[in-house]
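Data first, discussion second: the structure below is written as structure tokens.
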Amino acid sequence: MTHKPERFLALDVFRGMTICFMIIVNTPGSGATPFSPLEHAAWFGFTPTDLVFPSFLFAVGNAMSFTMKKFDNLSTGDVIYRILKRGLLICLIGYLMSWFPFFNHTPEGWVFRPISHTRILGVLQRIGLCYIFASLIIYFVKNRTSIFIISAFLLVGYWVLLLIYGDPSAPFGMLTNAGTYLDKFVMGDDHLYHGEGVPFDPEGILSTLPAIVNVIVGYYAGKFIQEKGKSYETIARLTLMGALFIFLALCWGMVFPIGKKLWTSPFTLLTTGLDMVIISALIYLVEVRASRGKWTSFFTTVGKNPLAIYILSEVLIISLWMIKVGDTNAVGWVNNVFFQKIAPGAIGSLLFAVCYMLICWCVGKILDEKKIYIRV
């Protein structure tokens, strides 16, 4: 008789909370500036919004601590194939999302969007790459101490590379850091993110190195929870480890500033530390105190289809932006005639984001009720 792995509701809740908050911060209503905590730090610094993406990577690592057990009965070739297939498929979906809707609306009409000006990297691409490298490291190295040393090497090595190959006068600047130089050399300006007004990619090649550690820490946090169970010891040790990571991040941040867009090494330590503290709190509430109910089922509804709901949220909002209504688009029109009328300013912007998240949640609810769980 095979032993069925124990299910940890706290991890499902954490994943669902991450997706819900990600949708809210990614889709603020137009017509007003959002509340500052719902925006990313301009460069260095930290806001609650900056925690969302690294928490997604942490959750990927959590999931790996369950799914990688299946690799024990597979050949090395099959394992590599499965890892590469899943990771590259996620990257491909991310690239297609960057290209979507494949046409631009101009005064002359719809014009095909050329591949020569499509962003190569992005959120899903980073998730896919981090999944590939973290999985390969964990599978082939196996020894926990060696993996911790590799993780430290990735964090310190990234710092050293920025110092050596960046502009000596501003090695951590947006346009003068080694990562930007590498991205421009490998991909060219036309394939980078231009949301900052200049060609700079926050999901660039070099900054993927410390992001891999977010996944590795998430993996070992999930593995630790499975090994120690739902106990006060688990909560205490995870909380202490999280506090240690936060302390190290703040100390290191004095010489290597914390920043999401550059994904600095102290940023990785800070976010993984906070994620461990949050997971500890959820284990206490959900597993130890058994404080369950509608609030947990709300988040697990999304947590069971995280990638699918995230992709839906991105594709749907882009589609709404493309629908012209008068001199604006569907999103702007809804905000102007409804949300900014009933609650002008940042509150209206937040209400739109929450309502949009609830629409995506409803799709997740339908999928959950029909037992449809989309896996990549």
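Just so you know, the numbers here start at 1 and follow the chain as drawn.
Note that Cβ sites are derived from N, Cα and C of the backbone, with glycine treated the same way.
Automatic prediction, not curation, is the source of TrEMBL annotations.
Features reported for this protein in TrEMBL:
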type: DOMAIN; residues: 7-162; note: domain 'Heparan-alpha-glucosaminide N-acetyltransferase catalytic'
type: TRANSMEM; residues: 12-29; note: transmembrane segment
type: TRANSMEM; residues: 41-62; note: transmembrane segment
type: TRANSMEM; residues: 83-103; note: transmembrane segment
type: TRANSMEM; residues: 123-141; note: transmembrane segment
type: TRANSMEM; residues: 148-166; note: transmembrane segment
type: TRANSMEM; residues: 204-222; note: transmembrane segment
type: TRANSMEM; residues: 234-255; note: transmembrane segment
type: TRANSMEM; residues: 267-286; note: transmembrane segment
type: TRANSMEM; residues: 307-326; note: transmembrane segment
type: TRANSMEM; residues: 346-367; note: transmembrane segment
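The transmembrane segment (307-326) and the transmembrane segment (41-62) are not in contact, since fewer than 3 Cβ pairs between them lie under 8 Å (pairs 6 or more apart in sequence). Counting only same-chain residues 6+ beyond the ends of the transmembrane segment (267-286), those with a CB under 8 A from a CB of the stretch are 8-11, 13-14, 46, 50-51, 54-55, 58, 155, 210-211, 213-214, 217-218, 221, 225, 230, 234-235, 238-239, 241-250, 252-253, 258-260, 292, 296. Through the fold, the transmembrane segment (12-29) approaches residues 38-39, 48-49, 52-53, 55-56, 59, 62-63, 275, 278-279, 282, 286, 296, 298-304, 306, 309-310, 313-314, 317, 331, 335, 339-340, 348-354, 356-357, 360-361 of its own chain, all at least 6 residues removed from its boundaries and within a Cβ separation under 8 Å. Sequence-distant neighbours of the transmembrane segment (346-367) (same chain, 6+ residues past either end, Cβ-Cβ under 8 Å): 20, 23-25, 27-35, 38, 298, 301-302, 304-305, 308-309, 312-313, 316-317, 334-335, 339-340, 373-374. The average pLDDT the prediction assigns to the domain 'Heparan-alpha-glucosaminide N-acetyltransferase catalytic' (7-162) is 91. Counting residues 6+ beyond its ends, the transmembrane segment (204-222) has Cβ neighbours under 8 Å at 11, 54, 57-66, 68, 121, 126, 129-131, 133-134, 137-138, 144, 147, 151, 154-155, 157-158, 161-162, 178-180, 182-183, 186, 192, 238, 245, 262-265, 267-268, 271-272, 275-276, 279 in the same chain.
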